[in-house]
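A quick write-up on the structure given underneath.
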Amino acid sequence: MSAVEKLPEDFCANPDVAWTFPKVFYTSSQVFEHEKEAIFAKSWICVAHGSELAQPNDYITRKVIGENIVIIRGKDSVLRAFYNVCPHRGHELLSGSGKAKNVITCPYHAWTFKLDGSLALARNCDHVESFDKENSSMVPLKVEEYAGFVFINMDENATCVEDQLPEFAERLNQACSVIKDLKLAARFVTETPANWKVIVDNYLECYHCGPAHPGFADSVQVDKYWHTTHQNWTLQYGFARSSEKSFKLDPSVTDPEFHGFWTWPCTMFNVPPGSNFMTVIYEFPVDAETTLQHYDIYFTNEELTQDQKDLIEWYRNVFRPEDLNLVESVQRGLKSRGYRGQGRIMTDKQRSGISEHGIAYFQHLVAQHHK
């Protein structure tokens, strides 16, 4: 970190008097390379809802900080995760998602692996001196099912997800009691030209909701909205009303609420008014100024109603582009000579619905990994 300004020990520790990271922290490849190792290679990263891996042979692939990962449910129903490369010469093994065969076959030299990662066959290995079959298996990494979702961790010494996000699963299930019944209904994939922290900053405040999200703000009432911080996660919640511009609520729903959870380091779980569906924003940082995002929408029913289809299109064509335009503009603006280098975090004493104290909390956590 020699070429990058060191952060003070108490950076953003007091949210009432706090400024954002110096702009270099959003643009520097040196900073990003440090965060790859200090944060993403040592944290539990949420990659999917459990329904995508519910049955034996189900698999998905994800790219996280340049690593290609495969998560697969074995014939024994055990969920496992591996680096998605052949140990022979490094060719990638599986692509996309779907149903794996009973063995994984490398497209390059046809080495085959069982779904537990062990080597099944390496052609001609009987004629290769001192061939070590035991050390020719796929390389595993940690995986855990938690709160209805699937998390991976590249740190072989990592403890459980609950240690990283204490009490999060309990609170999420209180907000949405049907998590385990959810099924993927839509996914919007964007390679967003913005640093991962810009995207989290944007999520962690509703100061922008009125000006930038008129449809959302017509339903979720910012004057009845709170933001609480917890250990490595935060919760934004508030009361909502039915809106023709966004969430059309069933009249039978009493006291409808919105819940928005951010979890370390960069996954956002939303339980919209009605509490019977969810949206999740998965962030997979690519480089200092690019973040691959999956915006997933989950319902309990497979055959969607017209209202659900209309809501998906509102997310696709209205709400999602609103946020993408914001973070992309910020990333460009951070590099302007007209930006003074840091922005004041607008925390108010009453911690109102438009207070930015959530950003200060997040940035303080990140700063602890830059010591």
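Keep in mind that glycine also has a Cβ here, set from the backbone N, Cα and C atoms.
Marked as domain 'Rieske' by Swiss-Prot on the basis of sequence analysis: 44-152. Helix, strand and coil residue tallies for the domain 'Rieske' (44-152), in that order: 10 helix, 49 strand, 50 coil [DSSP].
Swiss-Prot lists CYS86, HIS88, CYS106, HIS109 with the feature [2Fe-2S] cluster binding site, giving sequence analysis as the kind of evidence.
Sequence-distant neighbours of HIS208 (Fe cation binding site) (same chain, 6+ apart, CB under 8 A from its CB) are ASN202, LEU326. Classification of HIS208 (Fe cation binding site) by DSSP places it in coil, neither helical nor stranded. The Fe cation binding site annotation in Swiss-Prot covers HIS208, HIS213, ASP323, and the record cites sequence analysis as its basis.
Taking every protein chain shown into account, HIS88, HIS109, HIS213 are the binding-site residues, and of these the Cβ with the most other Cβ atoms within 10 Å belongs to HIS213. For the binding-site residues CYS86, CYS106, the ranking by surrounding Cβ atoms (within 10 Å, all protein chains) places CYS86 first. Cβ neighbours of ASP323 (Fe cation binding site) (same chain, under 8 Å, six or more residues apart in sequence): ASN202, ALA212, HIS213.
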